[in-house]
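Working notes, beginning with the structure itself.
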Amino acid sequence: MNAPHEVLPPLRSSDTSRGPRTNAPEGSSSQAELLDRYAHSLIPVFGTPQLVLERGDGAWVWDTDGKRYLDLVGGIAVNALGHNHPALVAAVSKQVAEMAHISNFYTSRAQIELAERVLEIAGAPAGSGVFFANSGAEAVEGAIKLSRRTGRTGLVAAEGAFHGRTTGALALTSKAAYRDPFAPLIPDVTHVPYNDNEALRAAVTTETAAVVLEPVQGEAGAIVADPAYLRAARELTTAAGALLVIDEVQTGIGRTGDWFGFQESGIVPDAITLAKGLGGGLPVGALVTFGPDVTGLLTAGQHGSTFSGNPLVAAAGLSVLSTIEAEGLLDHVVQMGEHLVGAVAALGHPDIEGVRGRGLLRAVVLRSELSSGIASAAREAGFLVNPVAPDAIRLVPPLVVTREELDLFVAALPSLIATAKEPTP
Ligand SMILES: *Cc1c(COP(=O)(O)O)cnc(C)c1O
């Protein structure tokens, strides 16, 4: 077992020192057998999983055949502290041994402390509040219900937006392939081009309940909002009496190098939604309302969830926040993000356009549609990356990823691109 931050080069598939590889003949691989059982027991909404993973440590994971990978997906921006971080393991182990769940007829010290800490790092004024959800989509559902309490129904979201898969959140998500099989969704949703102040101005009216925007569109390939766009959204919503909801499910909890993506723009939103990084791998989300007027829109009995902020996930969230602070991870994220941009630029590779995004929410942008070929070659070579768009590879590694680990991937990129360009037999 490696120490959490120890750096070793990824194993090649030709390295036989750790038992069978994924490219072993069928039958000798536990991967193939387990994936066959998966196919016979799970609803196939995720397609065929790429790997069966068994354990992790820092930014590394191992599959059931013992092959090791540098994890630059990080559970899709979830494993903020990496895998198996001792602080998270200790906090969750202690809490589960004391009490995992109690229902919201009761509360716990952990729940109260996590709410207080979230309000503090969000810079939320007095009278702000937190509702804990169990996922990003549920946090967004909370925001939609909050918006209905304005007495209006209009919602404005951006083209390219991803806000989740429950039916309300799906209405805000823009991708037709996700939406169309479930139409009709909730009405009165308008999608406007992202980063287009004039389009937003035209869409926001006195019938708008809320404008919902991501500070960086992660699922669209790490497309960054201009801070001036978020400020324009703030001005337009204030003038129209509408709420401004910032979806920080992917950008929140240090991912951009600030605690929250909106903070760079200097605005005060009416609400933010959180999930992914908050629990470091345990399922916890949150709707945060800013100030007493917005918080007061939801009153006793109007919303709820059985699991909401139970002691187990609250203990996880507290350990994530205190570890980000104790390890200085916000600065580290900024440095690692800049390092990645510089290292990829230094390759001067003709197939690479550049690196987009903020902090450690990044995409390597390609000059042609090579991303899925690169992701396959990467997996074979021991790197997990996400081909988020045909021409973009998303990198959302654990916030603890090191310079040396990022360099391993950057050094491998030219050969991964070469493999992706080989004609398929
Ligand atoms: C992932 C994501 C969601 C949905 O979160 P789930 O936990 O998958 O429901 C919502 N908004 C944004 C911005 C996301 O990245």
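Glycine residues also receive a Cβ, built from the backbone N, Cα and C atoms like all the rest.
Annotated pyridoxal 5'-phosphate binding site per TrEMBL: Gly136, Ala137, Phe162, Asp247, Glu248, Val249, Gln250, Thr306, in sequence order. Within 10 Å of the C-beta atom of Thr306 (pyridoxal 5'-phosphate binding site) sit 9 other C-beta atoms, taking all shown protein chains into account. Under the three-state DSSP scheme, Thr306 (pyridoxal 5'-phosphate binding site) falls in the coil class.
According to TrEMBL, the feature N(2)-acetyl-L-ornithine binding site maps to Arg165, Ser305. In this structure, Arg165 (N(2)-acetyl-L-ornithine binding site) belongs to neither helix nor strand by DSSP; it is coil. When other Cβ atoms within 10 Å of the Cβ of Arg165 (N(2)-acetyl-L-ornithine binding site) are tallied across all protein chains shown, the result is 16.
According to TrEMBL, the compositional bias 'Polar residues' annotation covers 13-31.
Annotated N6-(pyridoxal phosphate)lysine per TrEMBL: Lys276, in sequence order. The Cβ of Lys276 (N6-(pyridoxal phosphate)lysine) lies under 8 Å from the Cβ of Gly75, Ile76, Ala77, Val78, Gly136, Val249, Gln250, Gly252, Ile253, Arg255, each of which sits 6+ residues away along the same chain.
Residues or ranges marked as region 'Disordered' in TrEMBL: 1-31.
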Binding-site residues near ligand 1 among Asp247, Glu248, Ser305, Thr306 (Cβ under 6 Å): Asp247
Cβ neighbour count within 10 Å of Ala137 (pyridoxal 5'-phosphate binding site): 23
Ser305 (N(2)-acetyl-L-ornithine binding site) versus binding-site residues Ala137, Phe162, Asp247, Glu248 - nearest by Cα: Ala137
Fewest other Cβ within 10 angstroms of its own Cβ, chosen from the binding-site residues Gln250, Ser305: Ser305
Asp247 (pyridoxal 5'-phosphate binding site) to Arg165 (N(2)-acetyl-L-ornithine binding site) - Cα separation in whole Å: 14
